[in-house]
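Comments concern the structure below.
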């Protein structure tokens, strides 16, 4: 197990160095004057321009610039936003819980409904119920989620007036940000009804973001269940007279979960892609919206190191999933 | 003199193509998808003749006219008009042309280098292979849409850059798939036989091994095609893709956002066009997978 861990973590180093190389190159590939790009200032006089070049280290050879960028990162210095002059790290840290809350709710929805749909479809294989569920799953998988969001807003928010259109909480409520997770903060505060309001704000974005993972999980669960249901040990369990519910949920589903777990890891990247769109649409103050706005405003320090932080996040989650997977399945752990 | 008895007729093996067609035709969903796709291709090819109007012409007297079957609808504009009085049907038809073009171009632009890199990664396992795969790991560490957005931030928005961004984003999938397929084939007897017969490395790569890796690649290219349409629409929706007034489905939705309360057709129809074409292509991909590659088939 230790050597598996070491091998898996060892692979992280080149990946992470590669990502820094990418974000380092990104900002230098942008056409235009690098001082203007980095400082966000235009038409400086030549003197000030040269000074800025020197201060930013842009007059040094590229490999030195890259090494000093790495040094900066190692010291935890991610630069400052050009717009707010706050450090990129503190902006990220304050917005990150909103994204985690949204993604967590989406993933919860997706896994509960997806597992259920997959199990039902597998058990009722070949029936109209199976075909219908899988047809819906393929539709969900093909969904342009930014359009799906507009449709849901049009129906539930505009027509029925059930849910708010944007944000995380009504301005009416004054809630102290303790954890950054609105559902928890509203429970901690003594504002009445704030928790329900936060929930109403969360539900539509979570449905939108959860749609594609839901479809993927349903499809994966169905095929994994169909594999498992053919195995001898299930026939043996049935012969021992176990109740069908116990058979399905304890014996079959547990083993079918192993491939489904991988999907979780693979979904983190697409979940964050989806978060970019979902947050933009629902004015959800998370890191996806933050990055898109930074790109629109040419706030390059935020773009550069925001992308770096997200890449680090994706890589870490994938490692954690890999390790869990290795724990669950010895065959993976010992593979070279 | 006795003539040798005629040999028993060889058993008639169905040709691979016919076998594929038969397997594919059993899948009714895939056939329906093929029909829908054919309609889309016809729309794309004949857009200037099929569309009743020029997609950019603004009919200033008919802003946000509802579809023809609704009260206040005009027969001239079967699906209504948008906020600038442009005929929605014409814009949707021209949008099909754009979406298919982006899909085709970005699949071609990522399939060719992806297969090449994957072949190299499989055939040179010492130094080149691992370096290629680490590079792909780096690209996979970035969420696809975010990487595409970053590429567009460098290159600037527009049709060509959208295609490039999507091609770059989908590269790792082809590389990994090709490499995995190559590693599965390279120790087979037929490859060894070809090598012993004196086939050079290039011949081994492209003539011996590549044709046997095609099935998963075809399936992945189909999925890549639908993903490209979705990504292009998402970029357009974020204002980073094809720029208005070009009738791109995603950017049509972006401008429709403001009319969500009074003109459902400008919100609903472009999205239905995206969903319909992506769904058709994915159905086709499922059908292709089942027919081409029994190993990948969902048991059912």
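Placed from the backbone N, Cα and C atoms, the Cβ positions cover glycine too.
Annotations in TrEMBL come from automatic prediction, not curation.
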What range among B:52-72, B:73-93, B:136-156 does TrEMBL record as transmembrane segment?
B:136-156
For the record in TrEMBL, which of the ranges B:197-218, B:263-284 is the transmembrane segment one?
B:263-284
Choose the correct range: of B:225-242, B:243-260, which one does TrEMBL annotate as transmembrane segment? Give that range.
B:225-242
Where TrEMBL places transmembrane segment among the ranges B:8-29, B:30-51:
B:30-51
Hey, which bits of the same chain come close to the transmembrane segment (B:225-242), Cβ under 8 Å, at least six residues off its ends?
98-100, 102-104, 106-107, 144-145, 148-149, 152-153, 157-159, 162-163, 165-166, 169-170, 248-254, 274, 277-278, 281-282, 285
